[in-house]
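Have a look at the structure below, then the notes.
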Amino acid sequence: MKLKVFNVREEEATLAQDWANRNHVELSMSEGPLTLETVNEVEGFDGIANAQIEPLDDAIYPLLKEMGIKQIAQRSAGVDMYNLELAKQHGIIISNVPSYSPESIAEFTVTIALNLIRKVELIRANVREQNFSWTLPIRGRVLGNMTVAIIGTGRIGLATAKIFKGFGCRVIGYDIYHNPMADGILEYVNSVEEAVEEADLVSLHMPPTAENTHLFNLDMFKQFKKGAILMNMARGALVETKDLLEALDQGLLEGAGIDTYEFEGPYIPKNCQGQDISDKDFLRLINHPKVIYTPHAAYYTDEAVKNLVEGALNACVEVIETGTTTTKVN
């Protein structure tokens, strides 16, 4: 069996090769993405493992079909970069890795939240200037006295809720589907609006859909409890960035922890030191004094990277050997 792996980082290559040696599978790995220019590299292979970031060109699906490719295994939980229906029409199964390490993202969410609540960034900036005074701008709050709203109560949302509850927070949640595992951890409310009106901190853990794109806009921020904090460790498209910046500037929100930006594709995960960034909204976001921005790194732990690499490769084998996989999304 021969598999083609795209968008491979050095650390992933080592894990992938270890997996290949154990499973007696031949791998060809490429640092670059799957594009119209690179799709011919798939010729002669049985399957594809990918870490697509930008939307996959629709013209690629029929080309893969001609090559006999029946699946693409995405190394992430999100699959919004694929045209799932078009892939299905061409007999191509798209799979994901739905649960690679919910705890990694949950722990990171709470870490950044605590940094915002206790003004750690401002304290560190003062210390670098040898300002050791105690002043009102660095005075924080007790996390355990806060109400936290979890929007999206799947694996990651629930893992996040558990940690906040461990600090003593009242945790409320909203999801179209109620998670039976959430009993005793959070209280469900009837709408997103109800959740944000009550919460001191709102944490997003929902997948992107046509219905929730830019759900968190200025109108929504005006319904937030004054001085609340927004955490987005889910998908950038959930938040209208211009409106978030305006809400922060107006004092509607106290701060924001942002790990995903809607138009991050040209920059993440790349070293852009010394380069001009043309996206002015992105520049405003990453430099805003009330924002802690991180480059889609909430998931990034040893456990998560290993599970993503092996989960995608296992899905490749499963489809090739059985015709389907338990992680199929289309």
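Residue numbers in this text run from 1 along the chain shown.
Each residue, glycine too, has its Cβ placed from N, Cα and C.
According to Swiss-Prot, the protein carries these features:
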type     : residues                                                                       : note
BINDING  : Arg155, Ile156, Asp175, Met206, Pro207, Asn212, Met233, Ala234, Arg235, Asp259 : NAD(+) binding site
ACT_SITE : Arg235                                                                         : active site
ACT_SITE : Glu264                                                                         : active site
ACT_SITE : His296                                                                         : active site, proton donor
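Projection of Swiss-Prot feature records onto the structure.
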| residue | record | Cβ neighbours (10 Å) |
| --- | --- | --- |
| Arg155 | NAD(+) binding site | 20 |
| Asp175 | NAD(+) binding site | 19 |
| Pro207 | NAD(+) binding site | 14 |
| Met233 | NAD(+) binding site | 25 |
| Arg235 | NAD(+) binding site | 22 |
| Glu264 | active site | 17 |
| His296 | active site, proton donor | 19 |
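Across the residues annotated as binding NAD(+) (Arg155, Ile156, Asp175, Met206, Pro207, Asn212, Met233, Ala234, Arg235, Asp259), the two Cα atoms farthest apart lie 21 Å from each other.
Note: the Cα of Met233 (NAD(+) binding site) and the Cα of Glu264 (active site) are spaced 13 Å from each other. Between the CA atoms of the residue listed as 'active site, proton donor' and Glu264 (active site) there is a gap of 9 Å, rounded to the nearest whole number. DSSP assigns Glu264 (active site) to coil in the three-state reduction, outside any helix or strand.
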